[in-house]
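S.K.: Heads up, here are the entries from TrEMBL:
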- 59-77: transmembrane segment (TRANSMEM)
- 105-126: transmembrane segment (TRANSMEM)
- 146-165: transmembrane segment (TRANSMEM)
- 230-259: transmembrane segment (TRANSMEM)
- 283-309: transmembrane segment (TRANSMEM)
- 338-394: domain 'MIR' (DOMAIN)
- 407-463: domain 'MIR' (DOMAIN)
- 468-525: domain 'MIR' (DOMAIN)
- 580-599: transmembrane segment (TRANSMEM)
- 619-638: transmembrane segment (TRANSMEM)
- 650-672: transmembrane segment (TRANSMEM)
- 684-704: transmembrane segment (TRANSMEM)
Amino acid sequence: MSPAAVGVGPAESGLRLRRGRGRMKAAGTAVSGPELAAGDGGLCPKLTPQSKPKIPEQVMGWLLLAAVTTLAFATRFHRLHEPAHVCWDETHFGKMGSYYINRTFFFDIHPPLGKMLIGLAGYLSGYDGTFPFQKPGDKYKHHNYIGMRGLCAFLGSWLIPFAYLTVLELSKSRPAALLTAALFTFDTGCLTLSQYILLDPILMFFIMAAMLSMVKYNSCADRPFSVSWWFWLSLTGISLAGALGVKFVGLFIVLHVGLNTVSDLWQLLGDLNLTMVTLGKHLAARILCLIVFPLILYTAIFAVHFLVLNKSGPGDGFFSSAFQSRLLGNNLHNASIPEHLAYGSVITVKNLRMASGYLHSHCHLYPEGVGARQQQVTAYQHKDYNNLWIVKKHDVNTDPLDPSFPVEFVKHGDIIRLEHKETSRNLHSHQHEAPMTRKHYQVTGYGVNGTGDSNDFWRIEVMNRKSENRIKVLRSQIRLIHLATGCVLGSSGKTLPKWGWEQLEVTCTPYLKETPNSVWNVEDHINPKLPNINLDVLKPSFMEILLESHMVMIRGNSGLKPKENEVTSKPWHWPINYQIIWWLNLGSIGLYLLLGSLTTVSMQRGIQLTAEVKGLCQVLLRGGGQVLLGWLLHYFPFFMMGRVLYFHHYFPAMLFSSMLTGILWDTILRFFASYLSPFPLANWVHIFGISLLILGIAYSFYLFHPLSYGMIGPLAQDPQSPMAGLKWLETWEF
């Protein structure tokens, strides 16, 4: 799907479409009959070469773009300082900007670029990173927050000129571009997202930049390998890296560009005038600019992220022990401990499930009616003496630290016993049901002074071993298989009731599938008979921490569930909501599908159409089809997501539906003007229709602008509120 020319003339006119790419080339000078001048905004008689006002047209184009851009910035920066307190997700992303300024490591489910830019904006504007961002409503007082909001407003403002230029390129119609710009400018939702410290305006900036760059390099198809062609192709790759670097939903625009590229290469393959060498150059250029270059930039984003956040912080516990050893201030940083696990070692065992914690026990028993009334075993997320365990042989009760005994290392496949250091009870399991997770077995502490029974025996397995069978601290990923029942020790991640001190449940699962819940690593390690090594030599490589960070982000994303009484949004809820613009978009999608189907069938059946109507059909199918594809790719994947979804997730799809609305209604009005061409006021049908739509959208904004700028004064329920009376439907929530 590529941009198409408007107003393709008759065959004898010498105007043609190059492989459907929408580039018009004149092969002759004498053209008869009316044609639609590209970009003139209306149907008009053909002007002679001497009378074409080329310079005024260009000047008009630049003036309109300047006006659109100025209005965009004015609406986004108006009252940017209000309210002077934390709003909504500023709690999260403002705090994360502070972490970058303070170089404190944290965890988030999204890639780092958006937060890095927020932190950079705060730093450059004089914010010192000391505001706590604890909860919505906290006053900023003397702290400088305008720089971070200003970055989001700045990037959000560029959505309007980007949309204007994209639709202008796809339709060759300034009225269509102006209608689209009005839809973007006067959308209260898009405006609101652009005025706060959020990731959404940053994400949408890169999505629209990628879309604009893609249609621009499509328009350079007749000038391959020219400077402008390379510029737009490279800028597309940069924008893709930016979108993916802000949020993983940037994958949708990556897929959009990928499908466009496949279609483009398929058309080139059908051009018999191109040699295989030239085809190879086209393929190599796209691989370089759209795959290799974006991957390098995306990786560089994480390299900067890890370089800046080098201090221990609230994100440590989400990552492995080896990862934590890199961070200044972490107890593992530059620590010296024995490298390989031996019998008699005192250790802590950390679960690899995100934020699950350490294997832990304490002197409290399970309550009556919860399995066997034995000592509780839990997962605890903090450092504690009750996390310490002694590694012993399963069938020997002598002290392995006795100087008369030689050192014996623990190996893959060994059967061991873990004795809790503080209470001298063994890690134990049996076929009693776990307290929270059905069909899992209970895990307890059992025995007296290390003496228990055969249910205390565990076989240790190293999941990532290569040639060596020894257990290496930090790096070896181990599983503990219960010898009697065959179940696997794991942490379900479920929080126990108050009797379990609200720590996390540990179970023994009979399902042997390898998951992070059932994989552990040795973190602390004390053994006076072994030499110590500096943990610096065990630090993971950059590629290892890059892979781990992505695994943690993916697990964090999939694990997001709605909180109690939290307002969420299902995909089918949207965009049937409160504003006329979105209702117009929704109706336009249905109307486009109907008209697009009728147009396709008509052209396939060979129905005779005028040259002007054929040109409009090309715009409708190719230009409209391009943005419809963008809407589909940014909307329907949410139906397949299991994580909690919020209203703001659908705004990228709204961008594409707004562009589709602009193209559709401009084309419909041109159709009417074309059929009414014998009448003297035919051209005014198009002009009047576009003007009426823009005025209606502006009036909608006038009515609902308190939703964006009304964050002061009484609440919406108060009759004195600027939002009073705006609630047209009972289902609306302000």
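Positions of Cβ are set from backbone N, Cα and C atoms, glycine also.
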S.K.: Can at least 3 Cβ pairs under 8 A be found between the transmembrane segment (619-638) and the transmembrane segment (230-259), with each pair 6 or more apart in sequence?
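M.R.: Judged by the Cβ rule, the two regions touch, with the required three close pairs present.
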S.K.: Which one of these stretches, 59-77, 146-165, 230-259, 580-599, 684-704, has the most C-beta pairs shorter than 8 Å to the transmembrane segment (283-309)?
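M.R.: Per the Cβ under 8 Å count, 230-259.
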S.K.: Per DSSP, what is the helix/strand/coil residue tally across the domain 'MIR' (338-394)?
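M.R.: Counts, helix then strand then coil: 3 helix, 28 strand, 26 coil.
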S.K.: Within the domain 'MIR' (407-463), what mean pLDDT does the predicted structure show?
M.R.: 94
S.K.: Does the transmembrane segment (580-599) reach the transmembrane segment (146-165) with at least 3 CB pairs under 8 A, where each pair is 6 or more residues apart?
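M.R.: With fewer than 3 qualifying Cβ pairs, these stretches do not touch.
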S.K.: With Cβ-Cβ distances below 8 Å as the criterion, list the same-chain residues six or more beyond the ends of the transmembrane segment (230-259) that contact it, or say none.
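M.R.: Long-range Cβ neighbours of the transmembrane segment (230-259): 110-114, 199, 202-203, 205-207, 209-211, 213-214, 216-217, 220, 285-286, 289-291, 293-295, 297-298, 301, 553, 557, 629-630, 633-634, 637, 649, 652.
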S.K.: Compare 105-126, 146-165, 650-672, 684-704 by their Cβ pairs under 8 Å to the transmembrane segment (59-77) and return the stretch that comes out on top.
M.R.: 146-165
S.K.: Six or more residues beyond either end and a Cβ under 8 Å away: which residues meet both conditions relative to the transmembrane segment (146-165)?
M.R.: 65, 68-69, 71-73, 76-77, 80-81, 94, 97, 117-118, 121-122, 124-127, 177-178, 180-181, 184-185, 190-191, 193-198, 201-202, 204-205, 208-209, 211-212, 655, 658-659
